[in-house]
Amino acid sequence: MRGFNELQRVGKALMLPIAVLPVAGLLLRLGQPDVLDIAFVAQAGGAIFDNLALIFAVGIAVGLAREANGVAGLSGMIAYLVITNGVKSIDDKIKMGVLAGILAGVLAGAMYNRFRDTKLPSFLGFFGGSRFVPIVTGGASLALALVLGVVWPTIQAGIDAVGGWIVASGPVGAFFFGLLNRLLIPTGLHHILNNLAWFVVGSFQGAKGAVTGDLNRYFAGDPSAGVFMAGFYPVMMFGLPAACLAIYRTARPENRKATFGVMFSAALTAFLTGITEPIEFAFMFLAPALYAVHAVLTGLSLALLDVLGVKHGFSFSAGFIDYALNYGLSTKGWMIVPIGLAYAVVYYGLFVVCIERFNLATPGREAAAAPSAVASEGGGVEASGGVEAGAGVEAG
């Protein structure tokens, strides 16, 4: 029980960095060449996603620290830099994604709470108290980097092997692709699956020569391409926005106003751009069982659309903008809308039932002392959006 409570604390701390994601997602998508074609707007949004792991490290550390002290945020940044550079020095092929930031933030927050009042001998007094926290965090991060540098390559290689089987296994493979695409988001290892499916598997002789990968083949005109992209549309455009409605609906009455602000902006971002991390990170750690249900539904969506012969693609992610822009190349693309509406009903119903039946601690269901934190985060606004964030290619 204690471990579960700690996991929920991490989930609540995630709401701080999550609050900046919807605006970043909209800027990133609207600035793309196929929309407004304003490079500096896209770069402004992209800067957030490019440094998402570091933002999580700082935000989670501050969120977990007592008094939300800024020293914890500094320690989170130090932990992230030590961990990422440490593991790369052991194996430069290691990619941990957002997980490195989450681990760094949790470690720094724990170090702050444990050592913030440490007293040292008088001749070292300057380094005592809160100043000792970044120092001890750096040492702990070095030890963690050593462990991850040894263990992570094996995990990464295992995911790579599983990915090769998935992309060659028809509807069953499509199901597991969707399932693991969601489950692996915190680790960053979903990039391995995405790269295999979208840029490696299959070959098509297009007008400009041979291209490989589901995404490249789709835009080259291959009518058989789009298997590993179409199924994300019902989830990103319909399912997760409906989940936001369910989270708002099940929030405590006194928290609904603040919850509405966060959930509405996250739902709008998901629908338009396909950037879904603002929603997913909002309940991933607060209600992990609910996130597992979401992952299964994503896998079922990809398998279902594959069986029905629906093909669609995206250059960025599975939002309305890509749906409309790339509709002309789709096969049975119209079916995504009725399937998506059905998915919205399923998501809403399942989320409401699960949240209320099992009393899950989704945003807005905190005790009376918590709403102020939610409100301060919701005022700011929360990518797998982008071919790496949401379902998605640009943000990740």
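Backbone N, Cα and C atoms are what each Cβ position is placed from, and that goes for glycine too.
Whatever TrEMBL says is automated annotation, not expert-curated.
Record features, source TrEMBL:
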DOMAIN    1-367  domain 'PTS EIIC type-1'
TRANSMEM  12-32  transmembrane segment
TRANSMEM  38-64  transmembrane segment
TRANSMEM  71-88  transmembrane segment
TRANSMEM  94-112  transmembrane segment
TRANSMEM  132-155  transmembrane segment
TRANSMEM  161-180  transmembrane segment
TRANSMEM  192-211  transmembrane segment
TRANSMEM  231-251  transmembrane segment
TRANSMEM  258-275  transmembrane segment
TRANSMEM  281-305  transmembrane segment
TRANSMEM  312-329  transmembrane segment
TRANSMEM  335-355  transmembrane segment
REGION    376-396  region 'Disordered'
COMPBIAS  377-396  compositional bias 'Gly residues'
Task: Beyond the flanks of the transmembrane segment (335-355) by 6 or more, those residues with Cβ under 8 Å of it - done: 230, 233-235, 237-243, 245-247, 249-250, 287, 289-290, 293-294, 297, 301, 304-305, 308, 310, 312, 323, 362, 365
Task: Averaged pLDDT, computed only over the residues in the domain 'PTS EIIC type-1' (1-367) - done: 87
Open item on the list: Given a Cβ distance threshold of under 8 angstroms, which distant residues of the chain, six or more beyond its ends, lie next to the transmembrane segment (132-155)?
Closed with: 71-72, 74-76, 78-79, 82-87, 89-91, 93-94, 96, 103-104, 107-108, 111-112, 115-116, 118, 120, 189
Open item on the list: Suppose I define contact as three or more CB-CB distances under 8 A, residues 6 or more apart in sequence; do the transmembrane segment (281-305) and the transmembrane segment (192-211) meet it?
Closed with: no
TODO: Go through the chain and flag residues at least 6 beyond the ends of the transmembrane segment (161-180) whose CB is under 8 A from any CB in it; none is fine as an answer.
DONE: 190, 192-193, 196-197, 200-201, 227-228, 231-232, 235, 295-296, 298-303, 305-307
Task: Recorded stretch that, among 38-64, 71-88, 231-251, 258-275, 312-329, has the most CB pairs under 8 Å to the transmembrane segment (94-112) - done: 38-64
Open item on the list: Any contact between the transmembrane segment (312-329) and the transmembrane segment (38-64)? By contact I mean 3+ C-beta pairs closer than 8 Å, pairs at least 6 apart along the chain.
Closed with: no
Open item on the list: Same chain only, please: residues at least 6 beyond the ends of the transmembrane segment (38-64) with a C-beta under 8 Å from a C-beta of the stretch. Say none if there are none.
Closed with: 9-10, 12-17, 20-21, 23-32, 70, 72-73, 75-77, 79-80, 84, 96-102, 104-106, 108-110, 112-113, 188, 383, 386, 389, 394-396
Open item on the list: Test of understanding: applying the rule of at least three C-beta pairs under 8 Å (pairs 6 or more apart in sequence), is the transmembrane segment (12-32) touching the transmembrane segment (258-275)?
Closed with: yes
TODO: State the residues, same chain only, that lie 6 or more residues beyond the ends of the transmembrane segment (71-88) and have a CB under 8 A from a CB inside it; answer 'none' if no residue qualifies.
DONE: 53-54, 57-62, 64-65, 94, 96, 100-101, 103-105, 107-109, 111-112, 116, 130-131, 133-134, 137-138, 140-142, 144-146, 148-149, 152
